[in-house]
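Asks: Structure provided below as structure tokens; questions to follow.
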Amino acid sequence: MIPVVALVGRPNVGKSTLFNRLTRTRDALVADFPGLTRDRKYGRAHLAGYEFIVVDTGGIDGTEEGIETRMAEQSLAAIEEADVVLFMTDARAGLTAADLAIAQHLRSREKTTFVVANKVDGIDADSACAEFWSLGLGEVYQMAAAQGRGVTNMIEYSLAPYAEAMGITKDGEGEESEEEREYTEEEAEAEQKRLQDLPIKLAIIGKPNVGKSTLTNRILGEERVVVYDEPGTTRDSIYIPMEREGREYVLIDTAGVRRRSKVHETVEKFSVIKTLKAVEDCNVVLLIIDAREGIAEQDLGLLGFALNAGRALVIAVNKWDGIDQEVKDRVKSELDRRLGFIDFARIHFISALHGTGVGHLYESIEEAYDSATRRVSTSMLTRIMQMAQDDHQPPLVNGRRVKLKYAHAGGYNPPIVVVHGNQVKKLPDSYKRFMMNYYRRSLKVIGTPIQIRFQDGGNPFEGMNTKKLTVSQERRRKRMVGHIRDKNKD
């Protein structure tokens with residue numbers, strides 16, 4: 001499962017700078033939607049072959065009131081659920097009382113912690129960092145997050161235990177990525193069959209108290225009592241195998257404590273990190289929205305993370321019963337206005353409590369998964385690419401027309417289309433969005449985003465010594481030189 005890195009430290013030590021540097025390396029086109037708000041505290045990062053969730057826990061001042069009382073509840077949860085903690089300090093400001101208080105808390109939690117001395121640019125770093133050894137948390141790592149110095153080395157070192165699971169070699173390179181190779185027809189068919197035979201992993205996500213617990217129990221059956229308030233279950237989600245009409249599912253539970261007989265009395269435990277990890281590990285995301293509260297910023301944040309991860313998506317607007325027609329019309333209008341950028345996703349209006357509309361969710365879940373794992377031939381993808389060029393030619397780049405040559409499938413779930421050509425990486429984002437939308441319309445993809453990768457064609461003469469002429473070229477060159485000399489004499 002994808003590791004979680006928590007950035008911890010007092011205010012103004014550079015946590016946000018490092019967070020922004022790590023998260024903006026993930027530039028998949030699928031996340032480039034207008035109107036989509038991004039959560040400033042949780043992000044998906046990709047650096048040096050490692051993929052991980054990074055969490056900015058916010059500033060902790062460590063006052064005399066006690067470190068526990070000064071830390072936000074979500075910050076404490078982030079530290080508890082993180083696999084790696086980067087304890088950031090300010091090398092210029094030196095060791096402070098707040099640093100000591102934070103270190104004491106981290107020592108008590110026995111988390112895998114790395115002390116990072118930030119802002120070492122332009123100073124004697126070794127001297128400035130010496131006092132941080134007294135924190136008793138091991139080696140002190142130097143970094144200048146604003147300039148990017150030491151960032152990659154820090155991530156490689158701190159996430160080294162996860163390298164084997166991610167297929168990363170000792171030289172820091174990962175295995176050949178899906179988009180760097182072209183599937184043969186046999187490989188594509190075998191991969192599609194493998195995916196279709198697997199159970200659909202479904203993550204039901206949403207902000208607290210939107211009805212995730214009620215819906216999960218409705219899906220599992222009312223007679224089933226589900227209690228997950230046990231040691232060891234607070235960190236990872238629960239995986240529940242189930243079957244419906246011959247189709248196997250694995251339900252990823254993120255709701256926390258739930259007892260069927262006391263579902264109305266139990267306050268749902270909500271963990272952002274648990275939810276994000278479930279999104280990374282699932283095939284289809286079922287996002288629950290509360291009809292009575294409308295679309296909240298937290299809903300958009302979860303939606304953004306699901307799109308970043310390239311997951312197939314179904315939206316369920318819960319608590320639809322019991323509200324009058326005027327409110328229903330207003331909610332539908334808001335959905336059209338704020339969720340227009342995900343018009344590929346099915347939206348259902350349900351009542352998890354009474355079961356209204358729940359059965360139809362399965363149809364959309366299976367439809368979304370089938371779209372995400374559908375096999376499309378290279379010839380079909382290339383033909384669609386050519387049709388897109390005919391409708392809207394690529395722009396000029398440095399006075400030359402960008403040429404698109406061919407396209408092929410680069411992966412499934414999410415579907416990845418790799419377009420090869422000349423100067424394609426210089427294409428403006430507007431044209432890339434045009435291509436993505438064109439493929440989605442042409443393939444009639446429902447319930448899943450499409451990712452488009454662009455690869456420049458290689459130079460077949462690269463690495464060759466073109467200055468050395470062959471024997472026949474030398475002869476022709478001598479004849480030409482002689483001809484020119486004779487002409488000049490005349």
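Glycine is no exception: its Cβ is also placed from the backbone N, Cα and C atoms.
Note that the coordinates shown come from a computational prediction; the quantities given were computed from them, not determined experimentally.
Annotations per Swiss-Prot:
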BINDING   9-16, 56-60, 118-121  GTP 1 binding site
BINDING   206-213, 253-257, 318-321  GTP 2 binding site
DOMAIN    3-166  domain 'EngA-type G 1'
DOMAIN    200-373  domain 'EngA-type G 2'
DOMAIN    374-458  domain 'KH-like'
Asks: Let me make sure I understand the structure: which of the binding-site residues listed (Lys15, Val120, Asn209, Trp320) has the fewest other Cβ atoms within 10 A of its Cβ?
Replies: Asn209
Asks: In which DSSP state, out of helix, strand and coil, do we find Asn209 (GTP 2 binding site)?
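Replies: Coil, per DSSP.
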Asks: Looking at the binding-site residues Gly9, Thr57, Val120, whose Cα is closest in space to that of Gly206 (GTP 2 binding site)?
Replies: Thr57
Asks: Taking DSSP three-state, what's Trp320 (GTP 2 binding site) in: helix, strand or coil?
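Replies: It is coil.
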Asks: Work out the three-state DSSP category of Lys15 (GTP 1 binding site).
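Replies: Lys15 (GTP 1 binding site) sits in a helix per DSSP.
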Asks: Counting other CB atoms within 10 A of each CB, which of the binding-site residues Asn12, Thr254 comes out lowest?
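Replies: Output over binding-site residues Asn12, Thr254: least Cβ neighbours within 10 Å is Asn12.
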Asks: In angstrom units, rounded to an integer, how far apart are the Cα atoms of Lys15 (GTP 1 binding site) and Trp320 (GTP 2 binding site)?
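Replies: So the Cα of Trp320 (GTP 2 binding site) lies 41 Å away from that of Lys15 (GTP 1 binding site).
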Asks: Nearest of the binding-site residues to Thr57 (GTP 1 binding site) by CA-CA distance, picking from Asn209, Lys212, Thr254, Trp320?
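Replies: Spatially nearest to Thr57 (GTP 1 binding site) by Cα position is Thr254.
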Asks: Of Gly9, Asn12, Val120, which is closest to Thr254 (GTP 2 binding site) if I measure between C-alpha atoms? They're all binding-site residues.
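Replies: Closest by Cα: Gly9.
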Asks: Could you measure between Lys212 (GTP 2 binding site) and Gly9 (GTP 1 binding site) for me? Cα positions, answer in whole angstrom.
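Replies: One finds 33 Å between the Cα atoms of these residues.
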